[in-house]
């Protein structure tokens, strides 16, 4: 019954640019970013699984994050790359919903996972003696499952709600993937409920974890300044937080730009550039940030490469 009312059976993704010269430049740049993301995150997942020294809560969550980033960039980038080579990309109604679903599933899981990682740092620094007890393998597994499930439920709500809309006439999506806002702009039926959900639920999925991250770090900072007397000792706890904080900034600044001002019906071009940041750029940078800042990851990487030789 759903497809009978939708006269539009496919959409056209207009992609990033129509400028011929830019397309090849973009193709090469984003292909390199995508390969960096696959290789870097793949290496981290492999290390976290096979290196016993990395069998700790912090690296368990990092492994989850890297796994997420592999899927996350795969949802949007390959389709975008074919767009650079062959121009406007047709995408079926079902394909469009699938892309929307996985983009929001993985994106909101990442938001919750980053909050879980902040909580992990908080316990490690402020309650080091109880750390092994609080962050037991069962708790870590539970927190990871909760993160993935929250993302899944959130995305399912959006994909089910979007599938109920009817589309007739316009089918050009001014974006490189099927996101909710550009799709709602094309719908013929009323989208007020979808808009409300986007504004209320998605904003809280973004702001809830963000608040938890800020709180965790406020606790960590006040703890370190009260308890740790010497200057050198103060920096040590922050060294494990630095990579996490960098990733939080890279993920949250663009996301907050895109989802926190209440969405009206319009869909600005800025949104496309901002989405590019967290769907293509951030997943490629995450493994680099963790490897550059982190002694344990670096030595595990050396060990793994040495074993292969």
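Cβ coordinates come from backbone N, Cα and C, glycine included.
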Of the residue ranges 25-50, 155-180, the one that TrEMBL records as transmembrane segment: 25-50
Tertiary contacts of the transmembrane segment (25-50), as residues 6+ beyond its ends and Cβ separation under 8 Å: 16-17, 59-60, 62-63, 66-67, 69-70, 73, 77-78, 80-81, 84-85, 280-281, 283-284, 286-288, 290-291, 297, 300-301, 304
The transmembrane segment (205-225) vs the transmembrane segment (97-119): 3 or more CB pairs under 8 Å: yes
Distant-in-sequence neighbours of the transmembrane segment (57-77), which means Cβ under 8 A and at least six residues beyond its ends: 30, 33-34, 37-38, 40-42, 44-45, 48-49, 99, 102-103, 106-107, 109-110, 113-114, 116-117, 120-121, 124, 135, 140, 143-144, 147-148, 176-177, 240, 247, 275, 279-280, 282-284, 286-287, 290, 296-297
